[in-house]
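A short write-up of the structure that comes next.
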């Protein structure tokens, strides 16, 4: 009897703030913490307005989810919200150690499974092998396709991106400690700077992670200081999210190409980076290195996990020629939790060590 009571007894929680019920997943090693209950209402008529409201009024929720002691500086989170788009099954706000992203491919791959398994989309017809999940991200509507059996997710997920394009190609950037380097900037729902790690004196496959992070951070800072990022359709999307260092193998090959993404406040993506794969496919297509429906494999130098990507059709974003990119990968569940706040805890909203 006492053992049963011990199991069901909950930790104390400040009654002024509800506990956050979360489901934890990972995609290619990159974590995702999904809040499915307990978050206060996120006000705003549009998803981008909700993102601004979250930043201005509810940022303590992000810190509790992502920061220590409940998380860590490389944790990633997702808040599910209603969408104003009639075709969307759900809206999502993406959270990281510095703030709020416009797109996250690894999260979309995980959310596809979550939405199907937790009943956020209509059950697929009997015998269906794939379910469609329309996810409204801050960058726009992204469609996920979830392998399923008996109405439950059972395998890899793929998604079709928003229009992806190249903002600048072979841009000369003076990177502190590395001199002048030719850099590409491409958009896959978020803007990234791309460069072969070799140009920064590193091997992306064997260098220490700390050295890769330092080089990528120097590149990000230099691009931000020397080049203005503008999105053709929305001011909210006009910012550089991070830098992706590659092995330089951009020409089409059946062999996987390796990269590492460093984004936000030196946060290291453990996966190949879904929005980064999207942008890198757009870049390769722009340079004539890839044709429509040619699939490439992208490997994370952090974990060795692999996503695939291909340009499925041409599109436009403002005046930019763009492509819709299909990205595929495997997400896994890792646990559930109730994140509580005890009254009087001086570290209730979290902290980060660097």
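Glycine is no exception: its Cβ is also placed from the backbone N, Cα and C atoms.
Features as listed in Swiss-Prot:
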type     : residues                : note
ACT_SITE : 104                     : active site, proton acceptor
BINDING  : 105, 106, 269, 274, 275 : substrate binding site
DSSP three-state assignment for residue 106 (substrate binding site): helix
List the same-chain residues at least 6 positions away in sequence whose Cβ sits under 8 Å from the Cβ of residue 105 (substrate binding site), in sequence order, or say none. 159, 161, 188, 189, 273, 274, 275, 276, 277, 278, 307, 327, 329
Just counting, how many other CB atoms are there within 10 A of the CB of residue 106 (substrate binding site)? 30
Enter the number of other CB atoms within 10 angstroms of the CB of residue 275 (substrate binding site). 36
Note: in the chain of the residue listed as 'active site, proton acceptor', residues six or more apart in sequence with C-beta under 8 angstroms of its C-beta are 76, 78, 94, 137, 189, 190, 274, 275
Record lists 105, 106, 269, 274, 275 as binding substrate; longest Cα-Cα distance in Å? 11
